[in-house]
Structures are given as C-alpha cells and as structure tokens.
Amino acid sequence: MPNLLHLDSSADLSTSRSRAITAAFADAWRALGDDHTVTRRDLHVDQLPHLSDSALHWPPRLRQAGDAPDPAHEALQQTLIAELVAADVLLIGAPLYNYSVPSTLKAWIDNIHLPAVTAPFDGDDQQPLAGRPAVIVTSRGGVYDEGTDTEGWDHATPVLDIILGRTLGMRVEVIATNLTLSDRLPMPDGSRERAEREFAEATQAAADAARRLG
C-alpha cells in the first residue's frame, strides 16, 4: 500500500498557507483509493525534542566509548526513522521563518539524519530513501526572486534540498507560494493579487503532484 508521510510545521493552525497546500496534496492522495495511506505528524502541535545528547548524531556502532544517550529519546529517534523509511512519498510543509525552517522542523531533521542509517557513511547501502519523492511546500512572506533585494535570503529550501536530496538521496520537488504577508505589510501594487494567484496555483500543483506520485 502506498504510504504518504505528511509533516506540517507552521505555527499558524487556522490560516497557514503551507498547511492548506499540504492538505490539498493529502486529500488528493487519499482520493486515489483506500490503499493510499497517510501517516501524519504535526511538528508544531506535537513538538519533538531537540537532540538531548550529541551521541544521538550517531548510530550505536559509531559512538564514542562512554556515550550514553537517553534511552527514551533514542527509542523516539528510531520511531521517527522507521516512520520515514516506511514512507513511499514524503510531504513537508515548511514555511519560511526568519529566513530558515521552523525550529520544530529542524528538530525532526536532526533526529532522522543519521550517518550509516539514513545517510551514507562507510557503505553503499546506507541510503534507504534513495530515489523516493520528497515534496516540500514552502510559504514565504515576501519575494525572493532572482534580481530582488532579498534574492538568496531563503535559507529553508536549500537546506532541505541538501539534507533530503543530496544526503538522503531523495527526489526533491518544491511547491512555493510567496507574498503571504501582503495583507499585513506595505508592498508594491499588485502584491495581493499575485499572492492569491500563486496560492491557487500552488494548491493545484500539490493536488496534481499527489495524483502523479501516487
């Protein structure tokens, strides 16, 4: 049965555009049939702990003598990794917070990125997620287009591409919507219209991606 791992990290539980777009993907995925399952983890509502011990950066066989991380945290880490490895498709809602990812999403990344387990270290068989799709839905308050004053200020999607794409070997797709703060901040004429258009296009793109990847 095709399984989708659906992660959300926005702190806005009511009007979040990243949540609305990931929901469109998940709804389209479920509509493909009862065999298309969804595992959902809300990283804001049920926040994960940041790494409680540097030893958790490593699997047991690569740890230093005397390392003794909290067994409960280690068990949670293994659960998160198993959840990810069981997914045929990964869907992440990743709004841009202060030009980076929400800390709740960073906690998840630190828990699942484990050398010799999910990322290569000393062997060729250490990328169990290689080739699987990872769909990143990002919502950004402003515009980070080429040629703008804020070009290159998005430090969220590049990090996710490095972690998921380059180290875990996944096929990363990005669905973006911009100008989500156009109703709050002074912006050039037409910004609100562009924001609504991009949101509609991103929502449709998410549903289309679910049908294509499912």
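Just so you know, glycine gets a Cβ as well, placed from its N, Cα and C.
Note that the coordinates shown come from a computational prediction; the quantities given were computed from them, not determined experimentally.
Here is what TrEMBL records for this protein:
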- Ser10, Ser16, Arg17, Ser18, Ser139, Arg140, Gly141, Gly142: FMN binding site (BINDING)
- 190-200: compositional bias 'Basic and acidic residues' (COMPBIAS)
- 3-170: domain 'Flavodoxin-like fold' (DOMAIN)
- 186-214: region 'Disordered' (REGION)
Composition by DSSP (helix, strand, coil) of residues within the region 'Disordered' (186-214): 23 helix, 0 strand, 6 coil
C-beta crowding around Arg140 (FMN binding site), within 10 angstroms: 24
Spatial neighbours of Ser16 (FMN binding site) that are distant in sequence (at least 6 apart) but have CB under 8 A: Asp8, Ser10, Gly93, Pro95, Ser139
Max pairwise CA distance, angstrom, over record-listed FMN binders Ser10, Ser16, Arg17, Ser18, Ser139, Arg140, Gly141, Gly142: 16
Among Gly141, Gly142 [binding-site residues], residue with fewest other Cβ within 10 Å: Gly141
Same chain, 6+ residues apart, C-beta under 8 Å of the C-beta of Arg17 (FMN binding site), given in sequence order: Pro95, Ser139, Thr177, Thr180, Phe199, Ala202
DSSP-derived class (H/G/I helix, E/B strand, else coil) of Arg17 (FMN binding site): helix
